[in-house]
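Heads up, the thing below is written out as structure tokens.
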Amino acid sequence: MTHQTHAYHMVDPSPWPLTGALSALLMTSGLTMWFHYHSVVLLFLGLMTNTLTMFQWWRDVVREGTFQGHHTPVVQEGLRYGMILFITSEVLFFTGFFWAFYHSSLAPTPELGSYWPPVGVYPLNPLEVPLLNTSVLLASGVTITWAHHSLMEGNRKNMLQALLITILLGVYFTLLQMFEYYEASFTISDGIYGSTFFVTTGFHGLHVIIGSTFLLTCFIRQLKFHFTSNHHFGFEAAAWYWHFVDVVWLFLYLSIYWWGS
């Protein structure tokens, strides 16, 4: 048995970064094949590889943080910094999309009829499904905070209830977004408006799905008594991510749905 005289976690060799990179290659190649040749085989393989990688990598990290006790206060501090940097990178990621939208909408080119929205594009009514989506995400922000406070107070039942409501609201948001896409009178091919609308809202929708998966993992972990009132960074990181998704949607709603229409 080996001993260490420091509080840091020396991570064991892992195959998951390699399989994660492979899944990213398969998914991007699969999307290209799907768009141009209507073949979903590569995309399906990529999604399957990504799901398996995600499940097994999460399993290893959970095992290290619970049963093996590797997540000391020093390690948790490092994880916090890592999550903050990750969310910062996501902020910059969405900044690029908002930049593209405002660049195109504040000074529309003659090709667009010098008009925004472009001639022939009929934007969605911001007071219908988009407003409902906004209320759903704001409600989920309240319930995730309720879950966090319940966890810190040691109230397991309320924490599970609030977390389950948050997950259901996330799923409901995704279904509403799918319905909205189906009903839209324009597509991603309809010029700069369609491109910026679907890419920005689509990536946000992807982040909602990722966040819902993150919260579902936390829900299962809480069922197995993995979290305590003072040792629950996995849940805290998921809550930070969810609040980030909320804030991005508010900017997205005000910019693209309300002002942009």
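Quick reminder: no glycine exception, Cβ is built from N, Cα and C everywhere.
Model, not experiment: these values are computed from the prediction.
According to Swiss-Prot, the feature topological domain 'Mitochondrial matrix' maps to 1-15 (among others), an assignment based on similarity to another entry. For the topological domain 'Mitochondrial matrix' (1-15), the residues of the chain that approach it from at least six positions outside its boundaries are 57, 60, 64, 70-75, judged by C-beta separation under 8 angstroms.
Residues or ranges marked as topological domain 'Mitochondrial intermembrane' by Swiss-Prot: 35-40 (among others).
Cβ atoms under 8 Å from those of the topological domain 'Mitochondrial matrix' (67-72) belong to residues 7-9, 79, 231, 233 of the same chain, restricted to positions at least 6 beyond its ends. According to Swiss-Prot, the feature topological domain 'Mitochondrial matrix' maps to 67-72 (among others), an assignment based on similarity to another entry.
Sorting the topological domain 'Mitochondrial intermembrane' (106-128) by DSSP state (H, G, I as helix; E, B as strand; all else coil) yields 4 helix, 0 strand, 19 coil. The topological domain 'Mitochondrial intermembrane' annotation in Swiss-Prot covers 106-128 (among others), and the record cites similarity to another entry as its basis.
What Swiss-Prot lists as topological domain 'Mitochondrial intermembrane' is 184-190 (among others), and the listing cites similarity to another entry. Nonlocal intrachain contacts for the topological domain 'Mitochondrial intermembrane' (184-190), taken as residues 6+ away from its ends with a CB within less than 8 angstroms of a stretch CB, comprise 118, 120-124, 197-199.
For the topological domain 'Mitochondrial matrix' (224-232), the DSSP-based tally of helix, strand and coil residues reads 0 helix, 2 strand, 7 coil. According to Swiss-Prot, the topological domain 'Mitochondrial matrix' annotation covers 224-232 (among others).
Marked as topological domain 'Mitochondrial intermembrane' by Swiss-Prot on the basis of similarity to another entry: 257-261 (among others). Within the chain, the topological domain 'Mitochondrial intermembrane' (257-261) has long-range Cβ neighbours (under 8 A, six or more residues past its boundaries) at 101, 105, 116-117, 123-126, 130.
What Swiss-Prot records for 16-34 (among others) is transmembrane segment, and it gives similarity to another entry as the kind of evidence. Same-chain residues lying 6 or more positions outside the transmembrane segment (16-34) and placing a CB less than 8 Å from one of its CB atoms are 40-47, 49-50, 52-53, 56-57, 60.
Taken from Swiss-Prot, the feature transmembrane segment applies to 41-66 (among others). Tertiary proximity for the transmembrane segment (41-66) is limited to same-chain residues at least six positions away from its ends with a CB under 8 Å from its CB atoms, namely 9, 14, 16, 19-20, 22-31, 33-34, 213, 217, 221, 226, 233-234.
Annotation comment: Swiss-Prot describes 73-105 (among others) as transmembrane segment.
Beyond its flanks by at least six residues, the transmembrane segment (129-152) meets 158-159, 162-163, 165-166, 169-170, 172-173, 176-177, 179-180, 183, 215, 222, 227, 229, 232, 235-236, 239, 242-243, 245-246, 249-250, 253, 257-258 of its own chain at Cβ-Cβ distances under 8 Å. The transmembrane segment feature in Swiss-Prot is assigned to 129-152 (among others); the stated evidence is similarity to another entry.
Under 8 Å from some Cβ of the transmembrane segment (156-183) lie the Cβ atoms of residues 124, 129-130, 132-133, 136-137, 139-140, 143-144, 146-147, 150, 198, 201, 205, 208-209, 211-212, 215-216, 218-219, 222-223, 242, all in the same chain and six or more residues away from its ends. Taken from Swiss-Prot, the feature transmembrane segment applies to 156-183 (among others), supported by similarity to another entry.
When Cβ-Cβ distances below 8 Å are used as the criterion, the transmembrane segment (191-223) is approached by residues 54, 58, 62, 90, 93-94, 97-98, 100-101, 104, 112, 116-118, 121, 123, 144, 151, 156, 159-160, 163-164, 166-167, 170-171, 173-174, 177, 181, 234-235, 237-238, 241-242, 245, 248-249, 252, 256 of the same chain, each at least six residues removed from its ends. Feature annotation from Swiss-Prot assigns transmembrane segment to 191-223 (among others); the stated evidence is similarity to another entry.
Summarising the annotation, Swiss-Prot assigns transmembrane segment to 233-256 (among others) and lists similarity to another entry as the type of evidence.
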*How does the topological domain 'Mitochondrial intermembrane' (257-261) divide up by DSSP, counting helix, then strand, then coil residues?*
3 helix, 0 strand, 2 coil
*Note the mean pLDDT of the topological domain 'Mitochondrial matrix' (224-232), expressed as a whole number.*
87
*asked:* Checking distant contacts: for the topological domain 'Mitochondrial matrix' (224-232), what same-chain residues at least six beyond its ends satisfy Cβ-Cβ under 8 A?
replied: 62, 66, 71, 151-154, 218
*Which sequence positions outside the topological domain 'Mitochondrial intermembrane' (106-128), separated from its termini by at least 6 residues, show Cβ-Cβ distances below 8 Å to it?*
180, 184-186, 190-194, 253, 257-258, 260-261
_Composition by DSSP (helix, strand, coil) of residues within the topological domain 'Mitochondrial matrix' (1-15)_ = 0 helix, 0 strand, 15 coil
*In the topological domain 'Mitochondrial matrix' (67-72), how many residues does DSSP call helix, how many strand, and how many coil?*
0 helix, 0 strand, 6 coil
